Amino acid sequence: MEGEQHLQICEDGVLSCESKEFSDNNHDSDAVEESEDTVTSGNQDVSPASGPTLPILQKIIDLSNKIKVLKDEHALVSNHVKEIKNCSFAEPEISRALQLLTTELGTLKKQYLEESSERKRLYNEVIELKGNIRVFCRCRPINLAEVANGCVSVVEFDTTQENELQILSSDSSKKHFKFDHVFKPQDGQETVFAQTKPIVTSVLDGYNVCIFAYGQTGTGKTFTMEGTPENRGVNYRTLEELFHCAESRSRLMKFELSVSMLEVYNEKIMDLLVDNSNHPPKKLEVKQSAEGTQEVPGLVEAQVFNTDEVWDLLKRGYSVRSVGSTAANEQSSRSHCLLRVTVKGENLINGQRTRSHLWLVDLAGSERVGKVEVEGERLKESQFINKSLSALGDVISALASKTSHIPYRNSKLTHMLQNSLGGDCKTLMFVQISPSSSDLGETLCSLNFASRVRGIESGPARKQADVSELLKLKQMAEKLKQEEKETKKLQDTVQSLQLRLAAREHISKGLQDKVRDLEFQLAEERKTRIKQETRAIASASSSTTSRQVREQLPTITEKKPPLAPTRMLRMPLRRITNFMPQQPSQGPIKRFSDATSTKSKENYNNNNSSRRSSSMDMNALMKPRRSSIAYRPAPPPSAVASGNKTLLPRRRVSIATLRPEASSSSSYMNMMTTPSRPSSSIFRGGNPRKARYSKLFSPDHNLVTPNAMKSSRFMKSPLGGGGNSWKPSHPTVVALQKKTVVWSPLKFKNRRSTFLAMRSSSSSTSDVLRKEQ
Ligand SMILES: Nc1ncnc2c1ncn2[C@@H]1O[C@H](COP(=O)(O)OP(=O)(O)OP(=O)(O)O)[C@@H](O)[C@H]1O
């Protein structure tokens, strides 16, 4: 069209040039020059000198001038280009610069990666410190049925915004959601597990971990957790990884892994590792342990040693899990399935033990009863599922708003996950969504719920020490406390005993002093008595001839029984202690027994010899040194006349008074009374210690007090009954028998065996006395 116009103008002879100029506008300079020539020739034809210039011609002239200017410019630029074309680059410089730039880019890339991984680490640290529940969002691919129904995807993933997604609402607005990680429909099971791995493996470090999948029915919860034999899910991969890590740490740590599987179906807990086909399922309950953790007593805990065993167990459990077909899902889970992995760890270096749990939970899908078209048993299941999920929602809301009461016990599920949701545990939630526009409402609901879960701050997780070990230590501490108490008690007792001992020692010292005084007095008394006795002997022998006296006197003096043992023979005063010396091995000493008389004699001889060697004998130590004072009345004249001058030494008698009317020796017993106390009180409940003091020494068998007679010891005494055969021959004894003497038992101190010897044989008496002297 434009070409035609130019042609028309060309017919005028002017426009043809113009047309040429336009057409050559983009061509080379030669063409421009040619057109210029034409114009110039045209100008010549219409020169102003030849006539008035037409306006169009004027226009042409102006344009020609412009062309000229442009032509000059063009020539200039062309020269420039030619120059540039001719100019050669300095290649080494450029390549160097390029190299520099490449290196710089590499460094920057590296720095960026380092920074982003550091940022991620810090972010995870913050999350752990705050105790946030991590939330991963996973969107499943749109399925054929949905495409067939004309549904479109409403989920958009912005590549520039990491871990974010947008939901296109029906009103064309976009809703943004951000999570800890967002998995696109094309992300496979490995990608999902790669992000999950760091959390699950912390169970080996002694942390409690809980991972649960939440979302609308048919969104891929079971696919994520269980997976398929070709595409195994988090459960299997986790155990595989745990075995792998345990193996790599086997030099430092020893691990034991055991698995339990249960489901919460219609608010009942069922053990999936127990074959319930033959009998009704065992009823299990959630109980709080002493440590405050939630436990299910009676739950089977199967120890596993390799992944094959794990897979067998998982298959067994999955096969008995309650599943059913709904309009939304062919294989819909009708229960919450919980897999618990218990890890017991022992540090081989420091012996530290840990016991931690890993919960892997596949929740039943939230579903709209109307939409999934359920009825009968399925409807009931749906109601239970929704009820427990709504209880989970309430717990999440309460935790997010930090209210004082968290309604964990409103459902079995929340009760069981109490520690995982609000305790010292690392928790991860998979929020599963469908991309389909038909599920938009549920998707928004799930994402809103997940955002709330992400906001929960439950405090940092902490390592779990092995409770059994803790209990052992507690018991030990308790025992130690008890022992400390006992020790303190014993120390108190020892202290009080020491005090008592000191007091007793003090008393004994006083007593020893007293005894020493008494001994001194006694020695004095003895001296006086010897003088008296010498005088008595002298008067008694006045009737005999002076010659006989002269002959007998040295013998008498020789044969005279000692009034008391010499200082050498006297037993040294013992320190009174609280300890009784041990009895000799031959048994208890029957001091006045007939049967032991011979033995006593032997003992006497032994003792005597040992005394001579100044050694302390145990028997000697055991001999009592107590004695009393007895008043001995003069024997009746008949007795003296008949020559019955029996001297039967009695060691203990009471202070007795003699009734004057008594005539026979046998009636002495009846006449003698102990004024201080009634006789019966000695052995009948009375104080035996006091009773002993009431017994007084009597040299005459007739002078036995009723108390002494009643005493079994004295009744059996050979001195009491069988002394008639013995007749004293010693003049001192004879003289003493004639006199009223106050008998001091101190005189007979330690002389029991002497009397025994006297009784058994009168002939041996003088020997004994001689020996003693
Ligand atoms: N990411 C995915 N890639 C491929 N297929 C998937 C994915 N997620 C889910 N599916 C498929 O979607 C279907 C439903 O998944 P699944 O049964 O896991 O859902 P669900 O959420 O467990 O449902 P319900 O709550 O009813 O048990 C399955 O056939 C599963 O194979």
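Every residue, even glycine, has its Cβ placed from backbone N, Cα and C.
Per TrEMBL, these features apply:
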type	residues	note
COMPBIAS	20-30	compositional bias 'Basic and acidic residues'
COMPBIAS	38-47	compositional bias 'Polar residues'
DOMAIN	132-456	domain 'Kinesin motor'
BINDING	Gly215, Gln216, Thr217, Gly218, Thr219, Gly220, Lys221, Thr222	ATP binding site
COMPBIAS	603-615	compositional bias 'Low complexity'
COMPBIAS	668-682	compositional bias 'Polar residues'
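Under the three-state DSSP scheme, Gln216 (ATP binding site) falls in the strand class. Long-range C-beta contacts of Lys221 (ATP binding site), restricted to its own chain and to partners at least six residues apart, with a cutoff below 8 Å, comprise Ala213, Tyr214, Gly215, Ser333, Asp362, Leu363, Gly365, Phe430, Gln432. Sorting the binding-site residues Gln216, Thr217, Thr219, Thr222 by the number of other Cβ atoms within 10 Å puts Thr219 first.
In this view, the densest Cβ surroundings among the binding-site residues Gly215, Gly218, Gly220 belong to Gly215, judged by other Cβ atoms lying within 10 Å.
Lys221 (ATP binding site) carries a helical DSSP state (H, G or I).
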